[in-house]
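Let me begin by handing over the structure; questions about it come next.
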Amino acid sequence: MCEMDGSYRLCTSFRVVYKMAYREAYVMQTEQQMVLACCPGWTQYNQGDISCMKPVCKRPCLNGGTCSGPNRCQCRKGWTGKQCQKDIDECARKTDGCQQICINTKGSFNCACADGFTVNGDRKTCKLCLSCLPEYVEMSTGYKNLAKRVSKLEKEKEELRNTVTKIRNEHQQTIQGLRSDIQSAAAAASRAPANDASAPMLAFDRSGWEHLASLSEQIALLEERIEGCEYCVVRVLSGWLAHVLSSLLIDFTSYV
């Protein structure tokens, strides 16, 4: 019963009943975080660095070159190209500064000098060097060989002189023997009567005369050989010196 307009009437009623229930729910929450990103072509030197100061080169820099910017290499002296892969020919560019000869090498160059010159301490200019001449080297070698030949000839000449001295002594002894025989025969003939058929006649041994003639010929031949040996030494020396001097004069004239 419920009262309505001063009277009691039948009325509807309701009751609220609560039941506890559980369900899973997902709630999206936002979180703010600062993330660093480098521009294209740049990166960090170390992880965690704030700045991006390290350039990035997709292709490596060669021959000691360094990456100085995005895909840009800074090459060492003597190299060029995007990757420092090309050698600079300093000799062709005439930037070497060499006084005489320039030799190009990988990444550099070397200065050289013509025959008869050597490189100074600055490694670019040249100075005269007599011992560097091919003619001087040839002369030095020829001098050594010539000294051996002269020594051999002098030895042979000394041996010839000793032989001549020995033969001359033998020659003198033979002459003295023949003189003694002649004097003995002459004395015997003078003591004998003029008409004596049995008186000894001057007869000499032909072998002694033949031996004397042989010794004379040997002495003459040996003396000729000695003179020829001395002439050979002088001729070899003079010819060699003339050749060397003419070569040096021609070489110096060409260089000067």
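Here the Cβ of each residue, glycine as well, is placed from N, Cα and C on the backbone.
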Cys84 forms a disulfide with which residue in TrEMBL, given the options Cys75, Cys91?
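Here TrEMBL pairs Cys84 in a disulfide with Cys75.
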In TrEMBL, Cys57 sits in a disulfide bond; tell me which of Cys39, Cys67 is on the other end.
Cys67
Taking the Cβ of Cys84 (disulfide bond) as reference, which residues of that chain separated by at least 6 in sequence fall under 8 Å from it?
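Set apart from Cys84 (disulfide bond) by at least 6 residues yet with Cβ under 8 Å, we have Cys61, Leu62, Asn63, Gly64, Gly65, Cys73, Cys75, Arg76.
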On the three-state reduction of DSSP, what should I expect for Cys75 (disulfide bond)?
coil
Residues with Cβ closer than 8 Å to the Cβ of Cys57 (disulfide bond), same chain and 6+ apart in sequence?
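Listed in sequence order: Cys67, Pro70, Asn71, Arg72, Cys73.
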